[in-house]
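See below for the structure under consideration.
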Ligand SMILES: Nc1ncnc2c1ncn2[C@@H]1O[C@H](COP(=O)(O)OP(=O)(O)OP(=O)(O)O)[C@@H](O)[C@H]1O
Ligand SMILES: [Mg+2]
């Protein structure tokens, strides 16, 4: 043993290895940097074109006025009707997707037998893979008439139907991400709960969900960001007429058509407005506003998740 | 069992056993101070003579009759018959894989959570077969607390960990008082009394295990099952837990799985030896098992000649 340790060689065998390691490191860094670069580039172009827009339309009009209409290259660009429609869709779709998605996740992670799970998980993945244009079509052609049939006086184009469909679209996202979070809660915690004489429901709601709460919150953030950015369903089912939120009769807002911010952008780009006109550039101002809203939401949710999480490691 | 019932005249025998336990604790102290009085034969294993006197008849709480357990097609327990006495410490020892944990999980039906497990035969708790159709395992587990091999506190505050059982079992009462009492009995109160709101996971491993013990005793079960509760702990924490177990046996029936012979000898009144194949080979007073076991296989196992 001792004779070996005398001539043990601790120097690097070849400098080629060092160079390779360095190349790997830089390659990996380049990929990480690319994502940052793309993000920065997007924000930069959005901001640049938005600034041009605000040269043509006063910021005060955009941020304070409650009327949005486009006529040719001009019009009135008060953003609030679009923001209110976006908020309605986000809130209503969350009301659909959050309880359903979490309940489905609890079922999959805590109640389902292995066989059940092997059927349901692929089904949810299929749901997640359906193109949104199909959801839009279903909302317009089936859901809206169905709502009318059960006596809800919705118009042909309405926010309620679009919101429900957006909610259905994001259920798989909530449920599969929440289920991942719940499944990774260590089994020893469940055992402890059952050992204390808790029922399955008590273990699921009192131990598993709190332990997985930060993962569950992240699923909400991602799903709601999706809902805010969803375009196709709302363009098809909600109509394209911007309508300011009517505070005197809040529920009525759901029954009539509306134009959320994403649909407003589609409208700007598909209209025959010329490039560089206010109508055309409004797309970038809307895009930037959407970005800020989503970003703020992510920050808020991170904060909430950090506050309430019960770490188990 | 409520605290009132503990002084109930009906349970006179239990009280005697309890008194015996207290006296012997005092003896133990004497012995500790004067080692020359220890006449034990086997010097490597220090049998706790002071534990409930052998032959004293105590009421049986848990009783198994011809108990078999299978995991799919593999048999983990073979025809186990055992009578576990009330308010004493019963140790279960045996080589790895012999079915100790399996037996423990049979008692409070934690095996229900293992899809592959199947139980045949009877396991009686207070005379009632817990595998009868009308038994609700949730109710059963409220009477039989469990402490696991690895500490598994909930990711909640220390206080909420201790009150968890009270909450799910709908116990009323002064939770602050119950929490303090449970933590005191688990020998943890002095260390955590100023940080009851901090997470149970911020404690050391030994403290976490004592927290799990406090959590198990807070709702005042009748029986406490412990699966190698000290296996992950250092000697100081282990001895704290051993002291605690001896104290617990004044009020509770304790069944403890351990790999540590000395520990079994020190803290238990009765010892059950399982050997490979899931067979209960010998079950007797702890002194008897460690000094003069009936079966050569048990002797071989205890003296380390086994496998
Ligand atoms: N969930 C399970 N599924 C299948 N087989 C199992 C399961 N749990 C235990 N077994 C088997 O049952 C037998 C007894 O296991 P058990 O865990 O009761 O042993 P043990 O005596 O507690 O061992 P150890 O001292 O290592 O903890 C082993 O052969 C084991 O492989
Ligand atoms: Mg075990």
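Using the three backbone atoms N, Cα and C, a Cβ is placed for every residue, glycine included.
The structure displayed is predicted, hence computed values, not measured ones.
Listed in TrEMBL:
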- A:26-47: transmembrane segment (TRANSMEM)
- A:79-107: transmembrane segment (TRANSMEM)
- A:83-301: domain 'ABC transmembrane type-1' (DOMAIN)
- A:119-143: transmembrane segment (TRANSMEM)
- A:149-174: transmembrane segment (TRANSMEM)
- A:206-228: transmembrane segment (TRANSMEM)
- A:280-300: transmembrane segment (TRANSMEM)
Next on the checklist: Applying the under-8 angstroms CB criterion, which one of A:79-107, A:149-174, A:206-228, A:280-300 scores highest with the transmembrane segment (A:26-47)?
Outcome noted: A:280-300
Checklist outcome for this item: One stretch in A:79-107, A:149-174, A:280-300 has more Cβ pairs under 8 Å to the transmembrane segment (A:206-228) than the rest, namely A:79-107
Item to check | Close approaches to the transmembrane segment (A:280-300) from elsewhere in its chain (Cβ under 8 angstroms; 6 or more beyond its ends) | outcome: 43, 45-47, 49-50, 52-54, 56-57, 62, 70, 73, 77, 79, 82-83, 86, 221, 224-225, 228-229, 261-262, 264-265, 268-269, 273-274
